[in-house]
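A short write-up of the structure that comes next.
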Amino acid sequence: MSIITDVYAREVLDSRGNPTLEVEVYTESGAFGRGMVPSGASTGEHEAVELRDGDKARYGGLGTQKAVDNVNNVIAEHIIGFDVRDQQGIDRAMIALDGTPNKGKLGANAILGVSIAVARAAADYLEVPLYSYLGGFNTKVLPTPMMNIINGGSHSDAPIAFQEFMIVPAGAPTFKEALRWGAEIFHALKKILKERGLETAVGDEGGFAPRFDGTEDGVETIIKAIEAAGYVPGKDVFIGLDCASSEFYDAERKVYDYTKFEGEGAAVRTAAEQIDYLEELVNKYPIITIEDGMDENDWDGWKALTERLGDKVQLVGDDFFVTNTAYLEKGIAEHAANSILIKVNQIGTLTETFDAIEMAKEAGYTAVVSHRSGETEDSTIADIAVATNAGQIKTGSLSRTDRIAKYNQLLRIEDQLGEVAEYRGLKSFYNLKK
């Protein structure tokens, strides 16, 4: 009765109006699962391949019909007959069927859509919530959210090099309260921006994209919003930055060229100067987490940054690790970064995603489950965050349904868990010594 009988993919749209995949899996019993695949804007060089059609006459070349066909005509016939509960077996079978190191033949988007749909169908078959199916009986930790309320870099047209300015309500007693705090700060920030005559349009991830006078202006405005909402910066609510440094690193000159986003007169920094600048920000503001502070291929820079700041701030590898255990293992061995960002579509299966989270935890690194800038209404990452007791999630601002869908799912899970639910707040930053 738990045998897979049908697999079907279709092309749908993501939050940017670009095509992506939706996959459905059915079993003999009638159990059903559906998975939708996200897409990134600032993508790591070593990410698994997102298969696009390349036909400029259709969706500007971004169509996903090839990936859809790979699901319907190649993957389906290989996994029909599998027990839907055999997640690892199905994921490994698809990896073998693809046969490339980066899933470039079938497409990570095709494989991931099936992987998610299989897990959801198995949960449906067993009549349990997805987080419970994936995580087992000890599933209980609600993640501390990193809420991206200012969008810069490749996520907006704002002239700021850093891609995300986040609030982290680590002082809240529950996830529900953390979400409330975040929403109140978001609205306080909007009011402040309006009073300054700045734009309140939002970027890809639901955060505002105003024309600030540089990074410090952005951080200080967020601090004012935290205080205006009635909270204490550095006690109730902390700040996080996603530098997305690979987006403005000049590999030929070996410099971090802020002029790419901030225009003429902006800083151009060496690796050493970039580290000095990040340390200056950490010493000046209540920053608890920095993502991709160095370029994805600047291993010496990452090691130096970690040696300098690794005890007092979370240093998250996104483009640096691309949710890949091979890169994470190297980072652990070389003491580079102290945290990994987890994006399911960077690697392409749930099995490999869980492997990366487990490896990080065993090494004392934190794992931050994350959305992509091109999202859908699929809320699987909320269930993954709870299933793995990861402790942290990054899923955008307090606007746009593609972001709110994940927050609302976490509210449901917290309700379902009842008294068992734990919100660890600052304790979820167990990689820090301060």
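Placed from the backbone N, Cα and C atoms, the Cβ positions cover glycine too.
The shown structure was predicted, so the numbers you read here are calculated from the model rather than taken from an experiment.
Secondary structure at LYS394 ((2R)-2-phosphoglycerate binding site), as computed by DSSP, is strand. Neighbour list (LYS394 ((2R)-2-phosphoglycerate binding site), Cβ cut-off 8 Å, at least 6 residues apart, same chain): PRO145, MET146, ASN148, MET166, LEU341, VAL368, VAL369, SER370, HIS371. The (2R)-2-phosphoglycerate binding site annotation in Swiss-Prot covers GLN163, LYS343, ARG372, SER373, LYS394.
GLU205 (active site, proton donor) falls outside any helix or strand according to DSSP and counts as coil. Per Swiss-Prot, the feature active site, proton donor maps to GLU205; the stated evidence is sequence analysis.
Per Swiss-Prot, Mg(2+) binding site is recorded for ASP242, GLU291, ASP318, and the stated evidence type is sequence analysis. DSSP assigns GLU291 (Mg(2+) binding site) to a strand in the three-state reduction.
For LYS343 ((2R)-2-phosphoglycerate binding site), the Cβ neighbour count at a 10 Å cut-off comes to 25, with all displayed protein chains included. Here Swiss-Prot flags LYS343 as active site, proton acceptor, drawing on sequence analysis.
Just so you know, the Cβ of GLU291 (Mg(2+) binding site) picks up 28 other Cβ atoms within 10 Å once every protein chain is counted.
Summarising the environment of SER373 ((2R)-2-phosphoglycerate binding site), the number of other Cβ atoms within 10 Å of its Cβ, over all protein chains shown, is 25. LYS343 ((2R)-2-phosphoglycerate binding site) is 8 Å away from ASP318 (Mg(2+) binding site) when you measure Cα to Cα.
Nearest neighbour of GLN163 ((2R)-2-phosphoglycerate binding site) by Cα distance, taken over the recorded positions GLU205, ASP242, GLU291: ASP242. Checked against ARG372 ((2R)-2-phosphoglycerate binding site), the recorded positions GLU205, ASP242, GLU291 differ in C-alpha distance, with GLU205 being the nearest. According to DSSP, LYS343 ((2R)-2-phosphoglycerate binding site) sits in a coil region rather than a helix or strand.
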